[in-house]
Amino acid sequence: MRSPRTRGRSGRPLSLLLALLCALRAKVCGASGQFELEILSMQNVNGELQNGNCCGGARNPGDRKCTRDECDTYFKVCLKEYQSRVTAGGPCSFGSGSTPVIGGNTFNLKASRGNDRNRIVLPFSFAWPRSYTLLVEAWDSSNDTVQPDSIIEKASHSGMINPSRQWQTLKQNTGVAHFEYQIRVTCDDYYYGFGCNKFCRPRDDFFGHYACDQNGNKTCMEGWMGPECNRAICRQGCSPKHGSCKLPGDCRCQYGWQGLYCDKCIPHPGCVHGICNEPWQCLCETNWGGQLCDKDLNYCGTHQPCLNGGTCSNTGPDKYQCSCPEGYSGPNCEIAEHACLSDPCHNRGSCKETSLGFECECSPGWTGPTCSTNIDDCSPNNCSHGGTCQDLVNGFKCVCPPQWTGKTCQLDANECEAKPCVNAKSCKNLIASYYCDCLPGWMGQNCDININDCLGQCQNDASCRDLVNGYRCICPPGYAGDHCERDIDECASNPCLNGGHCQNEINRFQCLCPTGFSGNLCQLDIDYCEPNPCQNGAQCYNRASDYFCKCPEDYEGKNCSHLKDHCRTTPCEVIDSCTVAMASNDTPEGVRYISSNVCGPHGKCKSQSGGKFTCDCNKGFTGTYCHENINDCESNPCRNGGTCIDGVNSYKCICSDGWEGAYCETNINDCSQNPCHNGGTCRDLVNDFYCDCKNGWKGKTCHSRDSQCDEATCNNGGTCYDEGDAFKCMCPGGWEGTTCNIARNSSCLPNPCHNGGTCVVNGESFTCVCKEGWEGPICAQNTNDCSPHPCYNSGTCVDGDNWYRCECAPGFAGPDCRININECQSSPCAFGATCVDEINGYRCVCPPGHSGAKCQEVSGRPCITMGSVIPDGAKWDDDCNTCQCLNGRIACSKVWCGPRPCLLHKGHSECPSGQSCIPILDDQCFVHPCTGVGECRSSSLQPVKTKCTSDSYYQDNCANITFTFNKEMMSPGLTTEHICSELRNLNILKNVSAEYSIYIACEPSPSANNEIHVAISAEDIRDDGNPIKEITDKIIDLVSKRDGNSSLIAAVAEVRVQRRPLKNRTDFLVPLLSSVLTVAWICCLVTAFYWCLRKRRKPGSHTHSASEDNTTNNVREQLNQIKNPIEKHGANTVPIKDYENKNSKMSKIRTHNSEVEEDDMDKHQQKARFAKQPAYTLVDREEKPPNGTPTKHPNWTNKQDNRDLESAQSLNRMEYIV
């Protein structure tokens, strides 16, 4: 018994053999290849990242370009299964890789193809599915351990690619950077097919004798056949039934058979005159008999034994009898009674009779009893030097070699007589030979071989033409010289334009263009807007070295590719599920309405009642949020077993082998390459063909006369069997058909793709094309639709299959929880109360006379007007007046509203009862044209006129105001009455008109077409107030501060107020000079007044009448003029005037920048005295200091001492100035 150690050693070779077989089996059944990607060029002219920042830190402060440091560019690649909608998430199921840093902002690597630094190789060991999705990202490498790497640009591509040595070039021409790259899929050695899963390794040994063609099919070597090419092809004609062979051309017979082709049987041993049809038979020939067919049944006919004319008779098997003629005797009549009578001696021999018969004397050269044998004169050989002896009659002849001659070849022949030397100077005869003295360039025995002078002469793969005693090099393109040793400099002519740098290459050159230029010669000014990198309808503007995208309001980013979140930095008000309001300076209302983007990128939102919405989806999409891609493959449009891949409002058919066309409706003509040889006729089949062979030719392509099988007969590893007049293919798993050319689709049965994925067959493997929302090799991974988080206001996101749902916090609603539920929508507050919506609640603001949580408790009496009940405290508008219910009493403002405007083409429908639409007079049109504009008037009623005259003043309860307008800021069609009506509707009149009856009338100025005279009067005047002065001051203050949100007020350029003229006091100096006591009293009075004025702090500015101090009048200081900041200093600008000796008060527009300016204004209000100047002007003035530089004075520039305001007459005549 062997020890365990001994058994272990004996079992080790067996285990190694099993492991080797398993490895071989795995390699044969597997797949192997690689996906290759090469970066060709990169163009990032600004050195920017995708987020707009610079690769090298801050921008250049001069031109704001990223020129301080270039990007350290490298690339990352992710290869995954085919996706109709590319997603960045999910695993790189086919592989991933990256390059080292290969360049800066801009580089071109096309000239250095094959460099491993810019190449990424992703090996795979599965059947290549042909369809794929590729993600390529350009990154900036950061050496800083704190600052991570940043992405520059990324590109994605989905498509199909078959294994090939050819490269496929792709470009990324949108975004911050443009780059170009090429891809290909190659199978490893010994792997073939679209999936690199067909294994074929050439061999010539016991297991097979074959090579591999370009499709991986085994091509048998000459003399071999069979699926593994291990069956030798026997000698042509070798019986396939009774012969065989182990080596090509051999024919070894089976037992019992013989012959060159093993087609003859071996007869029974000893069979003499017999044949056989099967081995060991002895079938006698005619006239033969016996067990061994050795008995002659016709001896006379067979042997003719009787001589000299004797007659033969058969007497039995192998027996006969001769009847001899006269003079002959013997068994065969061979004895002649006269021996020489029959002339027995041949070749002219003489016969002599003897006692025993006869005797022959032969002539020279013959011998034998009857002189029939020729004497061999060549024995022994008489020819020398290898001459050949030919026997003659009574002699011989020597056939000598060329070097010898003579009867017995003993003489040396002169070979030079035959002139054997072709290209020689001379011929010299030698013993048994000769010598040719060759000319230069020739060699050989006869100087007929041209010496090859090309060996090692030509460089750089040039071809050499051999000459006589010389050579000539034919240079490839790009080289020159006798030996093609010199590279032609294609840059010598300076072909690059616009400062491009020429880089010399083999038979070509490359221009490295400066920034902003492109083309082979840098002749093209790069249009960075072609193709347009801007997305979502943005306008592209080309720059010298970059482009600029003017994004729509709803998008942002370098290429306007990102949806702008307006509510991120600006407070938004949710209107409904579809609309969000945000503050904007681009609209007159100051509000812009934007979409909530609830329907995503594939739909438009339509609001419904109750906060609901519907989505109007783009073509190809459906679902609540337009998130579902409509399955265009549902109708099965692909024919003949084609696989349908759904797209967006489209589909694509991946056809089965043998079919093509948009719907896989066209059978590929497999006869187009004329595969049939030797006159065979081709008939097209599905993914196959059939050759109808003629004239004895056989095989799939009529190429053989020996066998129906060859290397191309059965496809995809099928085994071919020759059945005489036809062949039969035994197909491996997954294939069927006459020549194993049809895939069974078994790899997709049952469907391995989950969640509605489409299975695409590739031989024995498959690929899943996933629906949107799913990813992974078998579509089993759900895409996270909640990333990034889409829900607002603390809403919870629930992820679904290509959808999500927001579960909102209390108080919020809508698809993304952006809508604050309006608890005021149900009007919970009592009539007249104001409901204030809050988060998950509301609050009621009660009007006067109401109380309670919902203002349901009433404390005042309601009013009844026009048949309606108005609650206590409620307000409403009545034409240009405002009314309010006060505990059962209606109180309204009392402003005369003037005639109502109307349109002539509408007739009297716009006018009250009893009035008609009368066209306005031409002088009443303030801003032309006023076509079709009228006023509602009654023929019985005369226009209301105020009691103001041209010399009316505040003391008369009247005001005359002149407005100067900038017509460029006013709309055409405005009438004088339109302007007057807007003045009547100013809010500043509401409180005043509640106590007094106010009349405002307007007339165009007869002297200037941009001025309107306004007369304001009041009734019911009491002694304790002057409403006209209050109204005038408020109008001037409103114009000065641009308050009121009115386009009319914004168009006012100047305001002048008529006031009472001042009287000159000629006796002012008399009391001043009378005594020092009077001067002291005036100073005390001025001091007291100044103290009171500071304490009051009224908003107006004050004026006083000019004193009669001639010294003060001599120093005339101009006041600041307030001008409209919108008014341009053009031809229509009203000049600043000094209205001397005129009863007017003028105000120009002054800007107010802040409350601080108002406080400063109050602190620095002063009074000034001017002789003979009752009109005052307040302006914004720029004064020049001594150095000539203009400076802006803050609002009020009058620095006059307040002590000058000591006159009582000045106090009485103080006016407000704005």
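Placement of Cβ uses the backbone N, Cα and C atoms for every residue, glycine included.
Going by Swiss-Prot, these are the annotated features:
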DISULFID  C234-C245  disulfide bond
DISULFID  C300-C312  disulfide bond
DISULFID  C362-C371  disulfide bond
DISULFID  C400-C409  disulfide bond
DISULFID  C454-C464  disulfide bond
DISULFID  C638-C653  disulfide bond
DISULFID  C676-C691  disulfide bond
DISULFID  C731-C740  disulfide bond
DISULFID  C748-C759  disulfide bond
DISULFID  C753-C768  disulfide bond
DISULFID  C824-C835  disulfide bond
DISULFID  C846-C855  disulfide bond
DOMAIN    374-410  domain 'EGF-like 5'
DOMAIN    487-523  domain 'EGF-like 8'
DOMAIN    782-818  domain 'EGF-like 15'
CARBOHYD  N143  N-linked glycosylation site
CARBOHYD  N217  N-linked glycosylation site
CARBOHYD  N382  N-linked glycosylation site
CARBOHYD  N559  N-linked glycosylation site
CARBOHYD  N745  N-linked glycosylation site
CARBOHYD  N960  N-linked glycosylation site
CARBOHYD  N991  N-linked glycosylation site
CARBOHYD  N1045  N-linked glycosylation site
CARBOHYD  N1064  N-linked glycosylation site
REGION    1152-1218  region 'Disordered'
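Across the structure, N991 (N-linked glycosylation site) and N960 (N-linked glycosylation site) are spaced 21 Å apart at their Cα atoms. When other Cβ atoms within 10 Å of the Cβ of C234 (disulfide bond) are tallied across all protein chains shown, the result is 23. Comparing CA positions across the disulfide-bonded residues C371, C691, C753, the one lying closest to C454 (disulfide bond) turns out to be C691. Calculated from their C-alpha atoms, the gap between C234 (disulfide bond) and C753 (disulfide bond) amounts to 52 Å. Note on the domain 'EGF-like 5' (374-410): residues 364-367, 432-433 of its chain, located 6 or more positions outside it, place their CB under 8 angstroms from a CB of the stretch. Sequence-distant contacts of the domain 'EGF-like 8' (487-523) (same chain, six or more residues past either end, CB-CB distance under 8 Å): 45, 106, 108, 110-111, 476-480, 544-545. Non-local contacts of C400 (disulfide bond) by the CB criterion (under 8 A, 6+ apart in sequence, same chain) comprise C383, H385, G387, G406, C409, A413. If you take the Cα of N960 (N-linked glycosylation site) and the Cα of C846 (disulfide bond), they are about 42 angstrom apart, rounded to a whole number. Cβ neighbour count within 10 Å across all protein chains ranks C638 highest among the disulfide-bonded residues C245, C638. In terms of C-alpha distance, the listed recorded positions N217, C362, N382, C824, C835 place N217 closest to C768 (disulfide bond). Neighbour counts were taken at the CB atom with a 10 A radius for the disulfide-bonded residues C300, C454, C464, C846; the maximum falls on C846. Checked against C731 (disulfide bond) by C-alpha proximity, the disulfide-bonded residues C300, C824, C835, C846 yield C300 as the nearest.
For C748 (disulfide bond), the same-chain residues that are 6 or more apart in sequence and have a Cβ closer than 8 Å to its Cβ are C759, V760, V761, F766.
Around the Cβ of N559 (N-linked glycosylation site), the same chain contributes T174, G175, V176, P533, C534, Q535, A538, C549, each under 8 angstroms and 6 or more positions distant in sequence.
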